[in-house]
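Notes to accompany the following structure.
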Ligand code: FA5
Ligand code: MG
């Protein structure tokens, strides 16, 4: 799906849509929604272009209290003018210089990368030995070095800007697969994307002749917003190729042999990191068959932490390994680090707040994260008619563009279809700072200020 609106238009549209909800507050469509416990006045209505959704119902807000803690990287002494940190104009990754213009092109309709995403490129949290992601990466390296006599070659500095061919074609992602859409992936242009998984490097490394390798890197997705989803997160890919003499004589076929070995390897890794309840779930990936996910019981829910499987033979055939079999996995580093360090939310990983960073140091795996602030959230509800171009990912992108890391969650709380078949969705947006209590006025004002 192609997103017709530019970032600015989208942001403006959302803001106007929230404001324009005022006259519709009496709409019966959402009358069954429980109103928030308290509400505050909405920003002044201003004249402007038509909002992107046809807004249906009221926006409301309230402050609640829950023992949840998360970090906002934005700190501002003025309550209602959020000061965005300047976006560096140049990043360097693995010796490659990346200018902002190379990645963010406001006037190019084939580009959908916003500034706030560019600002994360090059930070490479996984390469910082005192950062929870760096500590975790090194602990995983230790496990592989000890279990496989240091045979795994490690890459953690490969450029995240890759071709559509690398990201999708070479791992057999069908041309109509949802992950290729502009709704799900950040496109630099029609041929180039910010990698949405570390699997983007599988084929080239196989071609280079590697049979054991680990690739760690930042990956980018237009995704939902909640405690386990971030638009920029980190993955570690692992690939192991077996030559025929490794499974011949095992009494099982090549694929079963690889699948067994894969599960043994990953269960061993989990045991190396922590003692937790986990389970395997069958799933589908275009590049593996069979495919599995590993889930860990965390915060009273099952959380998916990795995807894996036996590599599709076509990938091996195309990349010079005709008679071989292989397994591959992709770990979500943030989610594993959440379990390892008992961090309840994904946003703090980007924090530079000393109260967060000082809790972790190189090589220390046994640390449990201590909450250091519990400021209340501020909620806003927004509802609108949905269409092909108004998706949850688009909404999240707009909200993120406006509020940055202050957004804690965007959650669908109601949907309604009328007699004409038109469907409306109502989302509750939770804003929360780790540094101060947010006020309704501040959030309302922020929306107005950003739009001007
Ligand atoms: C993949 O990305 C596959 N490339 C993994 C793979 C590799 C499968 C090799 C088979 C062989 P998936 O989209 O499920 O799969 O993501 C893998 C992991 O990344 C998830 O299990 C989760 O831990 C993490 N993850 C996915 N999306 C997000 C997100 N938005 N925020 C944080 N972590 C995420
Ligand atoms: Mg998955």
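Cβ coordinates are placed from backbone N, Cα and C, and glycine is handled just like the others.
Annotations in TrEMBL come from automatic prediction, not curation.
From the options 33-59, 60-86, the stretch TrEMBL describes as region 'Disordered' is 33-59. The average pLDDT the prediction assigns to the domain 'FDX-ACB' (373-452) is 86. Mapped onto DSSP helix, strand and coil, the domain 'Aminoacyl-transfer RNA synthetases class-II family profile' (217-348) counts 41 helix, 55 strand, 36 coil.
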